[in-house]
Ligand code: AMP
């Protein structure tokens, strides 16, 4: 494990660029991934959003790209449009701050392919960041030159290597040269990830951060009990009581997302929904308005929120509890980024209290029970007889 970017053999311009972004010390996943990635090893990295995984793979790519060639040299595949745009933005930011002239382009579906083709020809980006379907299309049309690609990254591998989506990923990989490097990052390394790895990789290294995944201590965990049918009303009251600066509300079902958003807006809570059901333009408006503070509440599913890196979220609400235990970690991790503190509030029925106990045990955290009383969210005191 290394405690400095200097020890990781990155060039000084990149290190200075990172400094300008306030990034001084490598995260765990960065310190285990960067050296073997620079040595062109195939890698399966266990890392989730917030661990610094994007730079773990981008820094070695930056280091290795031959900027004298106007040639496509790396492809990063990601499952959602927002994540594609976010990774592309990280590349542009670092290129700008470091002065290393690496170019990139985000390639997503649902936009005019002819415009993309024109732009690809103009920029000849070193790095393509894209969603799988459209990238494969453009390789087929010979607009992305697969034979010059030296590195492929699969971000959010647990999603992209899911049996339903894996074929197109394999198809893309197979169009590239055999000696290219392949890196897969996944929140958990599942058997299907290993199977694909065996097929496509040369002796992959499996790398995890040493630190046990733990929840940021700056997050307070709260639950409020209520009947299922009262959940929305209780959420509305908590939002009124807390008046959050920026809140993310998690709902499991797409239809409920829309309904919750409509109801919250009816009560004057300036809020937007992001779910698979809304158009790309609406998603962009929602994300931009949330980022710049025009709206304070964003209602989302786990999938839509995947990979979103939005600073300053003060509250996370679980109107529905997550379906998988580990998802609690991801959801609550949306708040208290960096040194800020934040609150994660679960609305739970009596029957769901055993799930809250599971979170406490699994993640070694303590919940506080609260209720809304006279417009204030206050601790519930239980007196033992
Ligand atoms: P990621 O896990 O890639 O989504 O990164 C989450 C956030 O952490 C991003 O905003 C990064 O800019 C930031 N970040 C990445 N690496 C570091 C680091 N070594 N030190 C501080 N912040 C970092």
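Just so it is clear, glycine is given a Cβ too, placed from its N, Cα and C backbone atoms.
Looking only at the domain 'DEAD-box RNA helicase Q' (3-31), the predicted model's pLDDT averages out at 90. If you look up TrEMBL, you'll see 3-31 marked as domain 'DEAD-box RNA helicase Q'.
Taken from TrEMBL, the feature motif 'Q motif' covers 3-31. Residues 38, 45-47, 51-53, 55-56, 59, 62-63, 93-94, 96-100, 207-211 of the same chain, all 6+ positions outside the motif 'Q motif' (3-31), place their C-beta atoms under 8 angstroms from a C-beta of that stretch.
The domain 'Helicase ATP-binding' annotation in TrEMBL covers 34-207.
Shown for the domain 'Helicase C-terminal' (233-378): DSSP residue counts in helix, strand and coil, namely 61 helix, 33 strand, 52 coil. The annotation domain 'Helicase C-terminal' is assigned in TrEMBL to 233-378.
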